[in-house]
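Trainee: Structure incoming, see below.
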Amino acid sequence: MKTSVRLMGKTYQFQSLKEIMAKANEEKSGDQLAGIHAQDTQERIAARHVLSELTLADIRNNPLLPPEEDEVSRVIEEGVNEKIYASIRNWTVAELREYLLSPNVTNNEISHIRRGLTSEMIAAVTKIMTNLDLIQAASKITVETRCNTTIGQKGRLAGRAQPNHPNDSLQGIKAAIFEALSYGVGDAVIGINPVIDTVESVKAILNMTKELMDKWDIPTQNCVLAHVTTQMRAIKQGGTADLLFQSLAGTELGNKAFGISVDLLDEANELILKEGTAAGPNVWYFETGQGSELSADAHHGIDQLTLESRCYGLAKRYNPFMVNTVVGFIGPEYLYNSKQVIRAGLEDHFMGKLHGLPMGVDVCYTNHMKADQNDMENLAVLLAAAGVNFLIGVAMADDCMLNYQSTSFHDIATLREVLSLRPAPEFEKWLEKMGIMEHGKLTSIAGDPTFFL
Amino acid sequence: MSEVDIQRIVEKVLVELRNRMEEKQQLEEQHEREVESENEQLFSYDVMDWVTNVPTPKFPKGIEELRKATPARIGVWRTGTRPLTKTILKLQLDHAAAVDAVSGEVLDSLLKEFNLFTVETCYENKEVYLKRPDKGRILTEEAVKTIKERCIKNPQVQIVVSDGLSASAIEANLRDIYPSLLDSLKVNGLTQGTPFFVKGGRVACMDHIGEILQPEVLVLLIGERPGLVSANSMSAYMCYRPRKGIVESERTVISNIHSGGTSPIEAGAHIGTILRKMIEQKASGVHLEL
Amino acid sequence: MEDRPIISVGIDIGTSTTKFIVSHLKYAKVSNRFSLPRYEIVERKIVYESPMYPTPLREKRNEINLEVLKTWLEEQYEEAGINVSDIKSGAVIITGETATKKNAQNIVHYLAEKAGDFVVAVAGASLEGVLAGKGSGAFSRSREVREIIANIDIGGGTANVAIFHRGKVLGTITYHVGGRLIELNRDGEITFISPSIEPWLRSKNYLLSVKQKLDFRHIQQIAREMCNDMLNSLTGQKPISVDDPLIHSASMQMIPDIDEVMISGGIGLLLEKEAPKTINDVTIYGDVGPLLAHELITQLKKFPFIKLNKALQTSRATVIGAGMQSTEISGATICVTSSRLPLRNLPIMILELNNEQLRNREYMYKQITDSLTEWSNYFLEEQETPFAVHIRGIASCSYAELKELAQSLFFCYKQYFPHNSFLVVICENDIAKALGQLLMLQSNNKVDIISIDQITVEQGDYIDIGEVINQSVVPVIVKTLAFMKN
């Protein structure tokens with residue numbers, strides 16, 4: 001493995017793949033906080049240069065976190081198709097980039113080679129791609145999944161209705177769901193982040209949303225984003241859940257901090273397939289986000305982009321219905337400003353799609369980051385152009401429970417109009433039946449939540 | 001006094017009161033009008049002016065009901081697929097308040113009002129503060145020296161105030177929560193040491209202060225990451241025998257303290273009860289039974 | 001701790017039947033661990049329902065037979081498998097005609113004392129109507145639909161109407177309409193005429209007397225007119241007036257437009273039966289009930305804009321409401337002297353102050369002295385006079401303002417009620433703990449303070465406050481008194 005390069009009269013010698021991977025990243029405050037970042041821009045480019053010339057085999061043979069020490073590494077390793085890997089093992093990372101971007105490589109080809117790729121290889125190629133590279137490559141990939149309804153088709157943009165309430169008031173949650181539906185949002189999922197992580201409360205929200213879906217015959221799926229163990233108990237006690245939710249980390253230690261393990265997820269998987277209310281076959285909703293491993297001190301000196309990619313390697317095991325990277329939620333110590341958030345959003349979406357995952361993005365920021373709503377609107381357009389499966393819909397983008405800003409119902413409606421995208425097909429039919437949408441456009445009654453009272 | 005008597009009395013009162021109600025109402029209405037005209041001169045904008053509405057809702061009475069059910073920005077209407085101008089401006093105004101809360105500083109005069117002296121963490125400046133949370137957890141050498149000189153050691157209750165991520169949280173809430181907290185100590189029979197203010201603090205600066213002063217319990221009033229609903233939200237973190245190595249789950253916290261959330265006066269009054277229980281049970285956080 | 005439900009009983013002693021239920025009220029912490037504690041009753045479940053039991057009366061029919069009733073209740077407790085000491089809440093209600101029996105008050109209080117720690121006697125037709133509407137399903141339906149829904153609970157002696165809209169009670173009204181106001185033997189001979197229906201009968205020129213024989217048409221005529229009068233009044237065709245002999249009491253003067261009705265009570269149950277055709281069909285229960293039920297349906301058809309909806313519970317609606325729906329719990333940051341609880345039957349003195357008025361020190365002070373003067377006028381000076389001060393209107397206030405309020409209130413209270421050894425304050429908003437501690441510091445242990453919040457009461461209500469549960473909340477029953485006639 002070649003680990004040095006001479007650029008502009010200066011020799012850059014790197015000690016390990018871990019160092020090369022970290023230093024090849026675009027600037028991120030999280031890598032700086034971990035103390036693994038490139039010292040200057042030239043060192044960054046040097047690392048990228050070295051990385052681009054490494055072969056996929058180099059990456060596989062020099063594990064950043066050996067499978068013997070970490071179960072996420074084991075899951076990723078087990079997922080590799082050896083035949084396909086053998087056929088591409090001598091490609092350099094640069095060759096992989098150019099392959100993905102070449103005009104005759106389509107969704108079919110990508111679907112084939114992804115089975116020979118590890119999450120680390122996918123992270124590596126991401127590091128040497130520009131923003132527009134990430135958009136173009138991702139836009140080639142279609143990942144359709146089905147729970148009660150199907151999302152992810154080309155030309156479609158779904159939205160999660162995120163009707164959170166500061167104390168889980170069922171009436172309050174309902175009010176925000178009505179607003180979402182009236183703007184044509186809620187086709188990906190009606191998903192609530194509860195404040196109160198108790199079985200009673202989770203069950204109440206699950207059943208309320210299910211009743212609402214039944215009453216209005218809404219073709220979508222419901223989910224309450226509590227800890228997976230709480231959801232499991234709620235389901236066992238008669239809670240009606242279409243989707244199981246869990247946040248994932250890219251290391252075993254990080255998942256331990258989340259209170260989960262592969263064994264637990266396997267158990268949950270069995271339960272939701274047996275006792276969930278959805279048709280399936282895809283019944284998981286995962287969330288990720290760069291920086292979570294470092295914040296749990298579970299990063300093993302690995303950069304946050306690579307760790308994020310490993311989350312997707314783990315997610316793949318469960319054939320999820322949707323994967324959402326909550327890109328700017330974690331704070332300025334991981335992604336300092338809008339530039340870093342936009343970059344991370346594009347990276348995550350691309351990496352997830354290359355893994356074959358139904359990627360959506362929570363395009364978001366907190367108020368102590370150097371970012372504002374305009375930045376989010378920009379990123380949302382970029383992602384919609386890249387073919388993102390779904391975005392998050394929050395009333396006027398302001399989540400009054402989680403205290404951060406995402407994208408709004410208005411934003412999703414606007415993106416659909418501007419980029420000629422449609423809601424998920426079954427949901428679109430329902431919107432037409434309700435009179436909220438006609439020929440892919442909102443009608444005059446759209447935006448009136450009292451329609452559902 | 002028998003029940004029948006009471007019932008009779010209540011009925012009598014009701015009749016009397018009803019007669020006087022009208023008179024009172026007139027007076028009140030007059031007073032309200034006066035206040036309103038006063039306010040008009042003071043404010044050029046009423047917050048209600050920023051509210052946009054669905055022009056012809058299917059169920060007109062329903063809009064208020066839905067709005068009341070949640071602080072989420074619903075029923076705001078649209079032009080095409082975009083929000084109306086005032087809705088956008090309101091969002092931007094709230095974001096501006098949040099951003100300013102992060103970059104702001106607590107006024108000295110407020111701290112003087114409560115005899116709080118100021119020490120600093122190693123945060124250097126706002127940018128470093130945001131990028132390096134670890135630096136806000138450690139007090140400067142000078143701060144350590146000052147605290148050692150000025151504070152009572154081993155107090156039963158140590159109160160610390162810090163700006164954290166929102167200086168305006170302190171400005172908005174300290175006058176209510178602080179005296180209420182002091183009274184709740186009295187009611188619960190607790191005594192406190194020498195309170196002070198920490199500039200550039202993170203929650204875990206409690207641990208460092210705990211090492212220096214060795215209080216039985218410590219309560220930290222700190223500005224939260226501002227949201228759009230309120231940029232003035234404060235948290236009260238409480239810990240039994242705070243020291244280095246304490247984990248998050250060993251702290252008890254009341255968050256979302258502001259006039260539109262958890263009431264600062266009620267939070268202050270409740271802190272005394274929590275601290276007393278911590279001392280009784282010699283525990284805090286998940287180990288504390290409330 | 002949170003898994004243990006509050007065991008609540010309901011006892012409804014009606015004109016013709018007595019019912020008893022046991023329910024479990026499950027309460028749970030509904031706050032997250034980062035906020036102030038908050039509890040709510042999250043589930044109300046019936047665990048035992050008694051059979052319908054004919055209300056035992058003494059020979060002269062003007063007294064309830066307590067001994068018989070007691071024995072029956074004891075059997076029911078045993079059947080339900082509960083001990084009196086387990087019961088923490090609930091209500092005893094004497095409804096309809098029975099409430100006018102000579103010993104009704106005593107019975108209710110006797111039972112309330114014996115039935116469990118905190119079982120209260122409920123006074124007033126207004127609350128009965130509301131509880132019946134909650135028991136029948138009308139209340140919860142009103143939360144789901146846009147329509148205004150009236151629940152008409154008709155038993156033997158009265159029809160208690162409660163009007164709901166989107167989960168709120170708009171008002172109540174009670175009529176002298178019931179199945180057992182006139183009793184008949186199998187042949188149609190009158191055996192009893194209730195005194196409460198006599199004024200109405202007279203006003204309609206029905207000169208009836210015991211032993212008189214009525215034929216089917218005649219009874220139908222009376223039942224029809226009774227229903228018609230009630231429906232005309234309910235639909236606003238006829239103004240609500242204290243002079244109306246059919247009206248027992250009302251909490252409102254104008255009735256809003258009703259879109260839907262549900263009919264509960266014994267008459268509600270009879271609706272499901274076939275219409276009576278002969279005098280023998282009518283008198284099957286020895287009263288006019290079956291025909292009254294049938295006429296109600298027929299007359300209701302004259303008001304096509306009102307939709308009839310089937311009640312989920314009919315004859316048990318009131319007892320279910322009383323047992324399951326009467327109890328609320330307070331906010332969880334409160335300040336109470338536990339040794340003083342439970343407290344029963346406290347009348348409410350309202351102290352209404354908005355934020356503006358609170359800031360105006362003189363206005364506030366005057367408001368307090370005015371209210372207290374008023375109250376003290378009605379009470380004897382030399383004795384303890386229990387009542388509760390309800391503070392409402394204050395949205396959020398500063399600690400300094402609250403301190404002013406506490407000082408003024410305490411000072412005046414001491415002055416006007418020097419013999420009172422405790423002060424009960426019920427706040428509308430979440431300020432009870434702060435206000436309570438301020439009052440405690442004022443009182444310096446001389447007067448016991450009970451300060452609770454997040455309870456809404458109205459002028460004329462009574463309140464019962466139970467013992468502290470889980471060191472944080474108290475169960476509360478608010479009893480509403482409608483404006484009684486006479």
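The backbone N, Cα and C atoms fix where each Cβ goes, and this holds for glycine too.
TrEMBL entries are annotated by machine, without manual review.
Per TrEMBL, the features are:
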- A:ARG160, A:ALA161, A:GLN162, A:ASN193, A:GLU287, A:ASP362: substrate binding site (BINDING)
- A:PRO194, A:GLN246, A:SER295, A:MET401: adenosylcob(III)alamin binding site (BINDING)
Trainee: Can you tell which of A:GLN162, A:ASN193, A:GLN246, A:SER295 has the most other C-beta atoms within 10 Å, given these are the binding-site residues?
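Mentor: Counting Cβ neighbours within 10 Å, the top one is A:GLN162.
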Trainee: Find the one among the binding-site residues A:GLN246, A:SER295, A:MET401 whose C-alpha lies closest to that of A:GLN162 (substrate binding site).
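Mentor: Nearest listed residue in space: A:MET401.
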Trainee: Please compare the binding-site residues A:ALA161, A:GLU287, A:ASP362, A:MET401 by how many other CB atoms fall within 10 Å of each one's CB, and tell me which has the fewest.
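Mentor: Comparing Cβ neighbours within 10 Å for the binding-site residues A:ALA161, A:GLU287, A:ASP362, A:MET401, A:GLU287 has the fewest.
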Trainee: Using the alpha carbons only, what distance in Å do you get between A:PRO194 (adenosylcob(III)alamin binding site) and A:ALA161 (substrate binding site) once rounded?
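Mentor: Cα-Cα distance, A:PRO194 (adenosylcob(III)alamin binding site) to A:ALA161 (substrate binding site): 14 Å.
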Trainee: Would you identify the secondary structure of A:PRO194 (adenosylcob(III)alamin binding site) according to DSSP, in three states?
Mentor: coil
Trainee: So which one is it: of the binding-site residues A:ARG160, A:PRO194, which has the fewest other Cβ atoms within 10 Å?
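Mentor: Selected from the binding-site residues A:ARG160, A:PRO194 on minimum Cβ neighbours within 10 Å: A:PRO194.
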Trainee: Do you know offhand how many angstrom separate A:MET401 (adenosylcob(III)alamin binding site) and A:ALA161 (substrate binding site) by C-alpha?
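Mentor: About 14 Å separate the Cα atoms of these two residues.
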Trainee: For substrate, what surrounds A:ARG160, A:ALA161, A:GLN162, A:ASN193, A:GLU287, A:ASP362 with a Cβ no more than 8 Å from their Cβ centroid?
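Mentor: Near the substrate site, beyond A:ARG160, A:ALA161, A:GLN162, A:ASN193, A:GLU287, A:ASP362, sit A:ASN164, A:VAL189, A:GLY191, A:LEU225, A:ASN324, A:ILE392, A:VAL394, A:SER406.
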Trainee: In whole Å, note down how far the CA of A:GLU287 (substrate binding site) lies from the CA of A:SER295 (adenosylcob(III)alamin binding site).
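Mentor: A:SER295 (adenosylcob(III)alamin binding site) and A:GLU287 (substrate binding site) have their Cα atoms 16 Å apart.
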Trainee: Rounded to an integer, what is the Cα-Cα distance in Å between A:ASN193 (substrate binding site) and A:GLN246 (adenosylcob(III)alamin binding site)?
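Mentor: So the Cα of A:GLN246 (adenosylcob(III)alamin binding site) lies 11 Å away from that of A:ASN193 (substrate binding site).
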Trainee: Run through A:ARG160, A:ALA161, A:GLU287, A:ASP362 for me and report the binding-site residues whose CA is within 10 Å of the CA of A:GLN246 (adenosylcob(III)alamin binding site), in sequence order.
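Mentor: Cα filter at 10 Å returns A:GLU287.
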Trainee: Max Cα-Cα distance in Å among A:PRO194, A:GLN246, A:SER295, A:MET401, the residues listed as binding adenosylcob(III)alamin?
Mentor: 22
Trainee: Rounded to whole angstrom, what's the largest C-alpha distance between any two of A:ARG160, A:ALA161, A:GLN162, A:ASN193, A:GLU287, A:ASP362, listed as binding substrate?
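Mentor: So the maximum pairwise Cα distance among the substrate binders is 15 Å.
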